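Since the structure comes first, as structure tokens, the remarks are kept for the end.
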Amino acid sequence: MSARSSGIGTAAALVAIVVAGPLLSLPASFLVERDALSRFAVFLPDALTATVLLIVGVGLGTLVIGTFLAALVAFFEFPGRRLVEWALVLPLAMPGYVFTLFALGTVGRAVPELRSVGGAIVIFTLVLYPYVYLLARAAFLGQPRSLMEAARGLGASRLRAFVRVAMPLARPAILGGVVLALMEALADFGTVNLLGVETFTNAIYKVWFNAFDRPAAMQLATLLASITVTLLFVEQLLRGRIARVEGGGRSAGARTRLRGALGWLALSAPLLLVGVVVVAPLAQLARWALQTIRSGAVDPGFVAAARNSVLLATTAALFVCAIAALLAYSLREAATGRRRALVRLATIGYGLPGSVVAAAVIAPLAFLDERIAALPFWPERAPLPFTGTVLGLLFAYCVRFLAIGFQPVRAALERIPRSFDEAARSLGADEGGVVRRVHVPLLRPSLLTAGVLVFAETMKELPATVLLRPLGGDTLAVKVWQATAESLWQVAALPALLIVACSLMPVVLAIRLSLPAAGRRRRRAFIAERDLLGIEAPA
């Protein structure tokens, strides 16, 4: 191993330890104060029950809707199929708490049952089904159509062939999408808080801010983390099975054409769903925002919140891209088992809820602040550098979003042949020249993709921001949450529109990447979805 490779590996290891280290503080909280959680044992059964109901309901809802829609666009031809195929991805741009704002502001009084676990399940299902849809669609398109034709040739009906052949082959991808949707639902704070559903994420916030009991909040976060880590483990197992199932070949053969009323139903029903989840909320938010602007009732803190959001999101994107590039290069230089383990540990944060990440980083940051404050040269009344500051919040963002920045960069770096490096060296380029002249131009699109993803995710991140933001450091997401909690729908509309606009960027980027020439369409579509969702591409 060269000195350069060793240096990159050491730097990457240090960064990985710094990023992942705070997560170890969660289980350690039980050693510091073992009975902290017992003070709140009275509401633990309710939180556990609501969380389990949410898992079951959202899992079933996204499974049914996502799989049905994926099969519709993969196996059938109808008017406007290409429009439907990509319109169904758009709900990914609608944060749950923004859709909750729309739902409460329009039908909240007429449908009081919305403020319940059932209401949360419906909202999460509507905004999270694209995770199942995307992976199921990619799996269906990756199956050799000859298998379905063989089943039909043996006398099976079209439905029976789908159930007996296509579904078993796509099962790992479908379940992987369900797991991703469940992790998003468990990580959500805004929706369950606004609907008054007592899940673990809501309980962490109440214990932290209402009871001011940080040790108990950390222990609650540990329980929630154990659930999400279990889901992460299941998702990793399914990811390997997706790669094996998808590796066989590409689909061939014509889709079944739907004619007449069936064809128009296949077009109108999915578009109606997208209209309810995306178009109607955007139209209502725009109407509220215009009313607010015309009446001069814009929140005085809106401009400051927008500035805070953009600066935080931009800075977080730059930090994450730099760290992601370092980790990706460390694996390219020497993909040893130890380096892979460190990278996997460093990128686990995205699978954890923002409230869990916030609880994890606060303990080590508070420890550092105490040590700094004890230094003899530190002014007695000087503010502490980490807790309750922008630095602490940015650190939490890096822990939370490193994985989504790392996936596109690593995927792009792996697609650069080693022969390119050797050719550049043969022309006299040193290691720095290889990076500047070969790697950077080829990595630029993926670095941009990673930056856009992190920027969009940071703009809409709520739980970590609520728990760690400095005084006067409200963001657009916090403004939406605060105004919605006070039933100020018009005030919340303008920041909500900006959040949705930013959330649309990665979705539109994925769609653009997935619409090339016909000969390479499916391959590039799968690559785009893989880079966004972190799944393996077929050979």
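Positions of Cβ are set from backbone N, Cα and C atoms, glycine also.
TrEMBL has this to say about the protein:
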TRANSMEM  12-32  transmembrane segment
DOMAIN    48-233  domain 'ABC transmembrane type-1'
TRANSMEM  52-76  transmembrane segment
TRANSMEM  83-105  transmembrane segment
TRANSMEM  117-140  transmembrane segment
TRANSMEM  161-183  transmembrane segment
TRANSMEM  216-234  transmembrane segment
TRANSMEM  264-290  transmembrane segment
DOMAIN    306-510  domain 'ABC transmembrane type-1'
TRANSMEM  310-329  transmembrane segment
TRANSMEM  341-366  transmembrane segment
TRANSMEM  386-406  transmembrane segment
TRANSMEM  488-515  transmembrane segment
Relative to the transmembrane segment (216-234), which of 12-32, 52-76, 117-140, 264-290, 488-515 accounts for the most Cβ pairs at distances under 8 Å? 12-32
With contact taken as 3 or more Cβ pairs under 8 angstroms (pairs 6 or more apart in sequence), are the transmembrane segment (341-366) and the transmembrane segment (12-32) in contact? yes
Highest Cβ pair tally under 8 Å against the transmembrane segment (161-183), stretches 52-76, 264-290, 310-329, 488-515, lands on 52-76
Intrachain residues whose Cβ lies under 8 Å of the transmembrane segment (310-329), provided they are six or more past its termini: 8, 11-12, 15-16, 19, 343, 346-347, 390, 393-394, 397-398, 401-402, 405-406, 409-410, 413, 443, 447, 450-452, 454-456, 458-459, 475, 502
For the transmembrane segment (386-406), sequence-distant contacts whose Cβ falls under 8 Å of one of its Cβ atoms, 6 or more beyond its ends: 19-20, 22-23, 312, 315-317, 319-321, 323-324, 327-328, 343, 346-352, 354, 357-358, 360-362, 365-366, 368-369, 450-451, 453-454, 457-458, 461, 464-465, 468-471, 473, 532, 534
Contact between the transmembrane segment (117-140) and the transmembrane segment (52-76) is defined here as three or more C-beta pairs under 8 Å separated by at least 6 residues; is that satisfied? yes
Residues of the parent chain within Cβ reach of the transmembrane segment (264-290), under 8 Å, 6 or more residues beyond its termini: 65, 69, 72, 76, 78-81, 83-84, 87-88, 90-91, 93-94, 98-99, 101-102, 105-106, 126-127, 258, 489-490, 492-494, 496-497, 500
Could you tell me what the rest of the chain brings near the transmembrane segment (83-105), counting residues at least six beyond its ends with Cβ under 8 Å? 69, 72-73, 114-115, 119, 123-124, 126-131, 133-134, 137, 188-191, 194-195, 266-267, 270-271, 273-274, 277-278, 280-281, 284-285, 288, 460, 462, 477, 480-481, 484, 487, 489, 492-493, 496, 499-500, 503-504, 507, 510-511, 514-515
